[in-house]
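J.: According to TrEMBL, the protein carries these features:
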type	residues	note
BINDING	Gly12, Ala13, Gly14, Lys15, Ser16, Thr17, Arg118	ATP binding site
BINDING	Ser16	Mg(2+) binding site
BINDING	Asp34, Arg58, Gly80, Arg137	substrate binding site
Amino acid sequence: MTRSIFLVGPMGAGKSTIGKLMAAQLQLPFVDTDKVLEERTGADIPWIFDVEGEAGFRRRESEILEELCRGDSHIIGTGGGIVLLEENRRQLQKYGYVVYLQANIDQLLERTSKNSNRPLLRVPNPRQRIAEILQEREPLYREVADIICDTNDLSPKQASLLVAERLSNLLSG
Ligand SMILES: Nc1ncnc2c1ncn2[C@@H]1O[C@H](COP(=O)(O)OP(=O)(O)OP(=O)(O)O)[C@@H](O)[C@H]1O
Ligand SMILES: O=C(O)C1=C[C@@H](O)[C@@H](O)[C@H](O)C1
Ligand SMILES: [Mg+2]
């Protein structure tokens, strides 16, 4: 079994965008846990949060992660909160190489302000919310990461190239 490559990081880090670019570059299939979840439920993420709460969303997310871990090797864009559950962290580490995409609060705010499909940021002060999320999750992203990539000054294509290069170094060394 070849391991998958998991992209983790907060909302707006670029997991979906960079994941697709990396998949094209490395000629591997791409899958996004948020997309799978939406396709399976026929509902968008805010709707799932409304109906089942964050806990319901996390349960579904975990099930999808478990299935993907048992499947073929993919580039996998994860949901920003996938690291919150310990069982998910164990799966990520066991079944893949994990890339933590980092960006600062200003970048995350700007990148997430373009659409409103992130229920956790539907608050009066999204900047503060992002800061709280980073404080809680930063150690968890670090805990699972094989590679940490700062994307602040990189375009998505530059980030994709850099991550692929660093993965290649990791695998050869
Ligand atoms: N390195 C980058 N430089 C500039 N813009 C970026 C970069 N990475 C992503 N973006 C832009 O930021 C927005 C959010 O990116 P994306 O959806 O890939 O984030 P995500 O990590 O998948 O977030 P989520 O956890 O909410 O799914 C997109 O409009 C994307 O084009
Ligand atoms: O950071 C998070 O908790 C989330 C990130 C998105 O990818 C989605 O999974 C959802 O909006 C929750
Ligand atoms: Mg995404």
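Quick reminder: no glycine exception, Cβ is built from N, Cα and C everywhere.
All annotation found in TrEMBL is predicted automatically rather than curated by experts.
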J.: Would you list, in sequence order, the residues of this chain other than Gly12, Ala13, Gly14, Lys15, Ser16, Thr17, Arg118 that have their CB within 8 A of the centroid of the site's CB atoms, where the site is the one recorded for ATP?
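T.: After dropping the recorded site residues, what remains is Gly9, Met11, Ile18, Gly77, Gly80, Leu101, Arg111.
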J.: Which of the binding-site residues Lys15, Ser16, Arg58 have a Cβ less than 6 Å from any atom of ligand 3?
T.: Lys15, Ser16
J.: When you measure from the Cβ of Asp34 (substrate binding site), which residues in the chain that are at least 6 apart have a Cβ under 8 Å away?
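T.: Correct list: Ser16, Ile45, Gly77, Gly79.
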J.: Mind running the binding-site residues Thr17, Asp34, Gly80, Arg118, Arg137 against ligand 2 and keeping the ones whose CB falls under 6 Å of it?
T.: Asp34, Gly80, Arg118
J.: List the binding-site residues Gly14, Arg58, Arg137 whose Cβ sits under 6 Å from any atom of ligand 1, in sequence order.
T.: Gly14
J.: Determine the C-alpha span of the ATP site listed in the record, that is the greatest distance between any two of Gly12, Ala13, Gly14, Lys15, Ser16, Thr17, Arg118, in Å to the nearest whole number.
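T.: 16 Å is the greatest Cα spacing among the residues binding ATP.
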J.: Between Gly80 (substrate binding site) and Lys15 (ATP binding site), what is the CA-CA distance rounded to a whole number of Å?
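T.: Rounded to the nearest whole number, the Cα-Cα distance is 8 Å.
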J.: State the Cα to Cα distance, in Å, between Arg137 (substrate binding site) and Lys15 (ATP binding site), rounded to an integer.
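T.: Each residue's Cα considered, Arg137 (substrate binding site) and Lys15 (ATP binding site) end up 15 Å apart.
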J.: Using the alpha carbons only, what distance in Å do you get between Arg118 (ATP binding site) and Arg58 (substrate binding site) once rounded?
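T.: Computed Cα spacing between Arg118 (ATP binding site) and Arg58 (substrate binding site) is 14 Å.
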J.: Give the sequence-ordered list of residues that share a chain with Thr17 (ATP binding site), lie 6 or more positions from it, and have CB atoms under 8 Å from its CB.
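T.: Residues satisfying the criterion: Pro156.
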J.: Rounded to a whole angstrom, what is the largest C-alpha distance between any two of the residues Asp34, Arg58, Gly80, Arg137 that the record assigns to substrate?
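T.: In whole numbers, the farthest two Cα atoms are 18 Å apart.
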